[in-house]
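What TrEMBL says about this protein:
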type	residues	note
TRANSMEM	20-39	transmembrane segment
DOMAIN	56-168	domain 'FAD-binding FR-type'
BINDING	Arg110, Pro111, Tyr112, Lys129, Lys135, Ser137, Thr177	FAD binding site
Amino acid sequence: MSPNAVRPVLLRSRLNAGTMSTPVAIVAAVAGIGAYALYTRRSSASAEVKEPFASFGFHQLRLKSSDLVNHNTKRLRFELPDPNVKSGLSLTSAVLTISFPNGGWIPCIRPYTPTNDLNDKGFIDLMVKHYPNGKQSTHLHSLKPGDSLRFAPIKEIAWTPNKHDHVALIAGGAGITPMYQLTRGILSNPADHTRVTLVWGVNTDEDIFLKDEFGKLEKEYPGRFRAVYVVSQPGPDSKYAKGYVTRQVLEGAGLAVGKEGKEGEDVKVLVCGPPPMEKALTGSKGLFGSPKTGVLHEMGFKADQIHRF
Ligand SMILES: Cc1cc2nc3c(=O)[nH]c(=O)nc-3n(C[C@H](O)[C@H](O)[C@H](O)COP(=O)(O)OP(=O)(O)OC[C@H]3O[C@@H](n4cnc5c(N)ncnc54)[C@H](O)[C@@H]3O)c2cc1C
């Protein structure tokens, strides 16, 4: 199959990704990517554009550095083809990483959300948590500076400043990265006045990374941004609340429908975490697409207020 034959499929996937849930967008993109990646597997990266991820295309980037940030997470910095240009990723976007485990022909494709400022030039940073049996996270953790990896951009949600009064970001584990990108994007835009509340559930105190970055944003934007951490297995000296992300935790973080003395406040809730957590919060899809169960539904949030990455 020629690359040109595949391109329209990919472009359609990219255009639709703004309105689809991330898993659907990924599945749609993957169908085309698999074929395209196989075709281009032995060839060099696609023609370079100014901002490589401003439109759909594949780019092979070189790893510049790989640093452990906690017991299981690495920050990987990949160099863009031109050190003087931005990545071209918009708020909120991720990149699909494409590898070929054990030199085989079946691609392994997983999304990761860059955590660097979208205005940074010349590089993208990924924070990658290692899952012991995880195909891609193991591969990414094994990369050494100078190694390269194939990427393609995907759109997560198209963020519109001031569309909502308040956005609640609920993350589990490595699901924090899209939330960090969005928090920083909202707060750094002087024209966006959206209030942001982050609730992040992790297993252990050591799983918390980006804490300094979130702390800095809380200080810089008091009253606009608040971060709440919950740890399911905290250490004896832990300063965090113990448990999972429950209704009580969410209400304690000030998340409620039409309460807080802010009657009629338009709240959007975004959720990104391991499947059991997402299911507990957003429930299973009902017959007409609305969640029938789940903590957020019980709290009174409507289906169109909730987005699962
Ligand atoms: C939009 C989006 C953005 C993402 N951004 C990031 C990011 O920035 N950083 C990051 O580290 N990850 C991120 N992820 C998750 C990432 O895409 C992979 O799913 C993850 O790295 C595991 O892939 P793997 O191939 O290593 O594991 P797989 O081979 O797919 O799975 C192997 C085993 O690992 C465990 N596992 C896999 N994924 C999870 C999970 N999410 N929670 C709990 N256990 C799991 C399970 O036991 C599973 O059986 C993102 C996911 C999405 C949808």
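Backbone N, Cα and C define each Cβ position, glycine as well.
Keep in mind that TrEMBL annotations are predicted by a computer and have not been checked by a curator.
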Arg110, Lys129, Lys135 as binding-site residues, winner by CB count within 10 A: Lys129
DSSP three-state assignment for Lys135 (FAD binding site): helix
Largest inter-residue Cα distance among Arg110, Pro111, Tyr112, Lys129, Lys135, Ser137, Thr177 [record-listed FAD binders, Å]: 19
Candidate with the highest Cβ count within 10 Å, taken from the binding-site residues Ser137, Thr177: Thr177
Surrounding CB atoms that lie within 10 Å of the CB of Pro111 (FAD binding site), all protein chains: 23
Number of helical, extended and coil residues in the domain 'FAD-binding FR-type' (56-168), per DSSP: 11 helix, 49 strand, 53 coil
Cβ packing number for Tyr112 (FAD binding site), 10 Å threshold: 23
